[in-house]
Every structure is written in C-alpha cells, then in structure tokens.
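What follows is a short report on a single structure.
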Amino acid sequence: MYLLIVVLPLLGSLVAGVFGRFLGSRGAALVTTTCVSISSGLCFIAFYEVALGASACYIKFAPWIFSEMFDASWGFLFDTLTVVMLIVVTFVSSLVHIYSISYMSEDPFLPRFMCYLSIFTFFMLMLVTGDNLIQMFLGWEGVGLASYLLINFWFTRLQANKAAIKAMLVNRVGDFGLALGIMGCFAIFQTVDFSTIFACASAFVWEPSFIFLNMKIHALTAICVLLFIGAVGKSAQIGLHTWLPDAMEGPTPVSALIHAATMVTAGVFMMARCSPLFEYAPKALIVITFVGAMTSFFAATTGILQNDLKRVIAYSTCSQLGYMVFACGISNYSVSVFHLMNHALFKALLFLSAGSVIHAMSDEQDMRKMGGLASLLPFTYAMMLIGSMSLIGFPFLTGFYSKDVILELAYTKYTISGNFAFWLGSLSVFFTSYYSFRLLFLTFLAPTNAFKRDIERCHDAPTLMAIPLILLAFGSLFVGYLAKDMMIGLGTHFWANSIFILPKNEIMFSSEFATPRMMKLIPILFSAIGAFLAYRVNFCANKFIYVLKTSTLGTKCYCFFNKRWLFDKVFNDFIAKSFLRFGYEVSLKTLDKGAISILGPYGISTTFRKLAKQISTLQSGFVYHYAFVMLIGLTIFITIIGLWDFISFWVDNRLYFIYLLSFLFIHLERDVRTN
C-alpha cells in the first residue's frame, strides 16, 4: 500500500504521456485523476496507521548508489511528518486534477498538461518520503523540473518562457547551497541516511574543525546555513523570491498546486525533517528567524499595490512562507507544519477561485478591469471570501489557529530575533488584511470597470470546478479547529520522533499561559484596521485619498511597492549585467577565443601547418640532397649515441624541448610578420 501511494501518480503520468494521443483529452484526464485520487485515499489510510496508530513504517526498497562508505539506497520513510505532507500533497493534487478537467477543457494539449501534473505529484511524493538526503534531492530537483514544464506549458508565450527560465535559474542558486549542505553532511557524518545523521548530531555540537571557504567554522552551523540556502530558493524567501510572482504565467491550476500548496513548502518540510540538525545550530536558527520575518513583511507590503489578481495571491504565498520559516527559526517546527497544512487549503482555494474569476472574465487578470462580480459570480465570491477570511486569521477559521500561535510563540521567545519576528509578523497581518480586502473590493464589490463583452459571457464555476472549491472551503473553515489540539496541543505525542526540539527551546507552555492578553489581540486588531483602511481607500470616494494618490510622494510610493521594492531592477542592473559583461569580455573574448584558442586547437593547427609549409621547401626533388641529409642525420645520431655519457654530463635533456618550442614560435612569429 505504501509503495502504491508513490507509484500510482507515476503510472498515471506515463500512461497520459505515452498513450495520451490515443486516449484523448478525457481519457488521459480520467486515468491521471483516478491514479492520484486513489493515492490520496491510501494516504488517509496511511495517516490513520502511522500518525494516529503511532507506528512509523520504514521500507528499504533496493540498492541505488553504493561505493565504500557512501550508501544511498532506495528507501521510504513513513513517519508522522511524512504522512501529514502526503495528505496535503495528494489531496490538493487530486482536487487540482479534477478542477483542470473543466478549466483546461478547451486546450488541445490537455493530456500533456495532466501528464506534467502527475509527474510533479510523483516527484513531490519522492521528496517527502525519501529516507536519505540523496533521494530527497532527487525529488527536490524533480519538482523543479516539473515546475519548469508547467510554467512553460503555453510555450508559445514569451512571458511564459522567460518566467520558466527565471524559476529554473533562481532555484539553481538555492539548489547549489543544498548540494553543498548534503556534501557537508557526508563529510562530517560519513553517511546521507537521515536516521544515522540525526542519531549522531548531538556528538558534533562542539566540533569546530569544519573548514569552509578557507575559514574554520562550526560544522553544524555551516551545514544548516547551506541547507537553509536551498530552502530560501525553493520556498521563495527574500533574495531568491523573484521567481514566484513571475511563475503566475502558467495556467491557474499550476499556481494552485505548485506555487501555493506543495512545491514552495518543500523548503519548510526540509527544515522540519532536519530539525535534529538545526536544533544544535542556534546561530543558524537566528539567521532563519530574521530571513523569515523580513520575507513575511516584504511580501505583504509588495502585495498591497499589485494589480494582477494572481500576483496578489502569489505575494500572499510568499508572505505566509515567511511565517512558516520564522516559526522554524524559533524552534517550533510542529506549528510551522500545521500552518503549512492550513495554508495549503485556503491558498489553493484562493487560487482556484481566482481561476474561476479569470475563466469567467475571458482570461482577464487585471483587477482594475473587474468590479461588481459578486452578483454575477455569487458562488465564486463566497469561496473567495472564505479563503480571504481564513488567510487574514479571522477568529475560529483555519488560518486563525496557526498564524496567531506563531506570533504568540515569537513573542514568548524573549530574544531579539523573536521580538523582531513578532513585530514584523504583526505588521504583515495588517498588510495581509489590506490586500485581501482590496482584492475583494476591486474584483467583486466596487462599481464595474469590465468590458461589456466580458460581462455578457460571464458565468459561474461549472460543477467540476465547483466540487474542489467546496471541499477546500470546508477545509478552510474547519480543519484548523479540528486538528489544533492533535497537532500543536500541549503535551501532544502526535509528532513522536519525526520532529525534535531541545527542551530549552520548548516554549509552547509559556506562549499558551504567559502571553499578555493585549499581545494576543494585536493580530486581530491589525486585521480590523487593515480591512477598514482597504474599505476607505478602494471602495469609498474620499478627497484626501485622491490627493494622496496623485501627490509626488504617493506616486513614488506606488511605484516603489508596485515595482516590488525594485528587486528585479537591482538584480538585473548590478548582478545579471555584470555577469553577462564578464561572460562576454573575459570568458568569451579573452579566454575562449583568446588564450585557450591560441594555446589550444587553433594555435596547434596553425603552428603545424606553417611548420609543414616550411619543411616542404626542403623537398628539392634531387636524390643526392636526400642522401646527404640522411648521411648527416645518421652521423649525428651515431655521435650522440656513442658520446651520450659525455654529452649528458654537460647538457640538460630539457634543453632539447625548449629548443624545439623556440624553433616553432620563431617560425610562427616570422610567418605572422610576413602575412
């Protein structure tokens, strides 16, 4: 059963990819959706056995790479953390498959699309079930490949091409860090197997002899920072986040599956999986906390002035990933994974609802060209409202039970990094509330700005698109309440040994009973202020707001936030251009076509050609000339052989080589001058 969970999506992908043209669109969609849905059902059974029954399953499948101390076998580890991720991945994936049947029904390449979706699901399952770092890295690279294929699905669009290449290249930076971290693990622990590494981690707490970049630094700190660089790339943290908003060029089901619910959470999963390593590297945890807090704030401020419907939700994803990351930084991996699960539900709901709006509006994504859709799309409006309320942490919805706990934990950490994360996270709540309600007002409630032809063709979600929305809406309403005590309740044994927290870092009790009531109310207060401000700015006619928008300061602020803090401009002007200039001036002209070419193929071939031309002049055609040269040569040869002991004492053998090279270069220089 456990192997079927992983294999079924691969089987569906192969059938759709190889036999798609014979099965047709409906046949390929049916096969892939059935395989992923069965896998999802088996995941719920595995969850009952492994998590609720507290019996982890370990499967050693087959040998893969075996070389002396290096042993990376095909193995699958099903513990509580794995089965929670399995449910998230397969449940959302099966709903996205069902949704895509209707959403992509008019696309002639639906079998290829379903094939890509299923192969992505397979690689994601490989990532979360791997029992060693190499197998996890295989899944890690596989989801990157599937992401590239899906973003670039409409490959005739230039923007889709550019976005896919950008996603691949930016992720390469993070993957390089992850690869170095895996190499560091093997260098220190002599293995890549999770269980062995985690068992030995505490023995290397005081091990300072790891040399990295010619510096002697703490081994576990270096490894954890390198692993975190991998998470920064995949989970779109500040610095390597630029690929995520551009990835919205792909079809909307892709955004819901990959860039909200599954692939972008791989970095958070990896940190939770490697919690025994991170717990013994406190400096790395401080870095993680600061980066996560800055990401949540930066992405939330950027989202407030975006006009593309999907791009707003993409920056929301980036911001929520920041919450998950700094939750790991304050050593509360269980709360981070709980928020990951909740976020997957309401963010998939938001993306699929946005897809329903775009589908109804003839592929229009600009919110300024919408408005008044609440009466035309009442069902989609209700779904979007539920998702937005859950996102901003409205009391007693799913998002409330994880986001507020993360902020309380950051406050009760009582460290500089914890306070930094708490206040930036609280400000992010304000901006999150603002852009969520701005999205609702501009799209559904404000006076319409849409074209007449779009309004005439407007239609609510058909049945196949509505079913996934309804299921995700129930999840966004109730899952947080139902799973809170089980997953993050005081004294729960739910996670067993899948997550490790040092006793000195355990602050759940303090956060529950020692946080002042005012601090617990700050997120709700900020949410209310953000919603009210969004109402006043985007829904009501207000002279002061108009003057502020049209002032020089307002224009500059709008430009700064709308252009995403000018990150893309800085990267392009100061990094990309420098690399391109170096590549052309130094690498191409000076090295490839310069020194290497002259000393290599071009120089050698030219030298021998000129030398052969010079020697050919000795070909006079007279026999007595040839006889004379042979006689002279034979005489010199016999002389050298006979007097070798005497000559070798006075002459170094290497001089012959120098003489030969000098002869060649003199001839070459003479030819260059004559030409």
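Cβ from N, Cα, C; glycine included.
Per TrEMBL, domain 'NADH-Ubiquinone oxidoreductase (complex I) chain 5 N-terminal' is recorded for 64-114.
What TrEMBL records for 131-422 is domain 'NADH:quinone oxidoreductase/Mrp antiporter transmembrane'.
Per TrEMBL, domain 'NADH dehydrogenase subunit 5 C-terminal' is recorded for 435-640. Across the domain 'NADH dehydrogenase subunit 5 C-terminal' (435-640), the model assigns an average pLDDT of 82.
TrEMBL lists 83-101 (among others) with the feature transmembrane segment.
Feature annotation from TrEMBL assigns transmembrane segment to 113-130 (among others).
Per TrEMBL, the feature transmembrane segment maps to 136-155 (among others).
The feature transmembrane segment is assigned by TrEMBL to 176-205 (among others). If one looks beyond the transmembrane segment (176-205) by at least 6 residues along the same chain, the residues whose Cβ comes under 8 Å of a Cβ in the stretch are 69-72, 75, 77, 131-134, 137, 140, 212, 219-220, 222-224, 226-233, 270, 273, 276-277, 279-280, 500.
What TrEMBL lists as transmembrane segment is 254-272 (among others).
As annotated by TrEMBL, transmembrane segment applies to 284-305 (among others). Within the chain carrying the transmembrane segment (284-305), a Cβ under 8 angstroms from the stretch's Cβ atoms is held by residues 220-221, 224-225, 228, 232, 236-239, 241, 271, 278, 312, 315-316, 318-331, 417-418, 420-421, 424-425, 427-428, 431-432, 434-435, 438, 558, 561-562, 564-565, all 6 or more beyond its ends.
Taken from TrEMBL, the feature transmembrane segment covers 312-334 (among others). Remote same-chain residues near the transmembrane segment (312-334) are listed as 231, 235-238, 241, 244-245, 247-248, 255, 259-260, 264-265, 267-268, 271-272, 275, 278-279, 285-300, 302-303, 306, 340, 343, 347, 350-351, 354, 367, 391, 403, 406, 409-410, 413, 417-418, 421, 425, 428, 431-432, 435-436, 438-439, 487-488, 494-495, 499, 501-502, 505-508 (criterion: CB distance under 8 Å, separation of at least six residues from the stretch ends).
Annotated transmembrane segment per TrEMBL: 373-400 (among others), in sequence order. Listed as Cβ neighbours of the transmembrane segment (373-400) (distance under 8 Å, sequence separation of 6 or more from its ends, same chain) are residues 316, 320, 342-343, 345-347, 349-350, 352-354, 356-357, 360-361, 429, 432-433, 436-437, 439-440, 443-445, 448, 450, 455, 458, 460-461, 466, 469-470, 472-473, 475-481, 523-524, 527, 530-531.
Look at TrEMBL and you will find 463-483 (among others) tagged as transmembrane segment. For the transmembrane segment (463-483), same-chain residues at least 6 beyond its ends with a Cβ under 8 Å from one of its own Cβ atoms are 95-96, 98-99, 101-103, 338, 341-342, 345-346, 348-349, 352-353, 355-356, 359, 379-380, 382-383, 386-387, 390, 396-402.
The feature transmembrane segment is assigned by TrEMBL to 518-535 (among others).
Sequence annotations record features per position, and here TrEMBL assigns transmembrane segment to 623-644 (among others).
Summarising the annotation, TrEMBL assigns transmembrane segment to 656-672 (among others).
Tertiary neighbourhood of the transmembrane segment (518-535): same-chain residues 392-395, 403-404, 407-408, 411, 426-427, 429-438, 441, selected by CB-CB distance under 8 Å and a gap of 6+ residues from either end.
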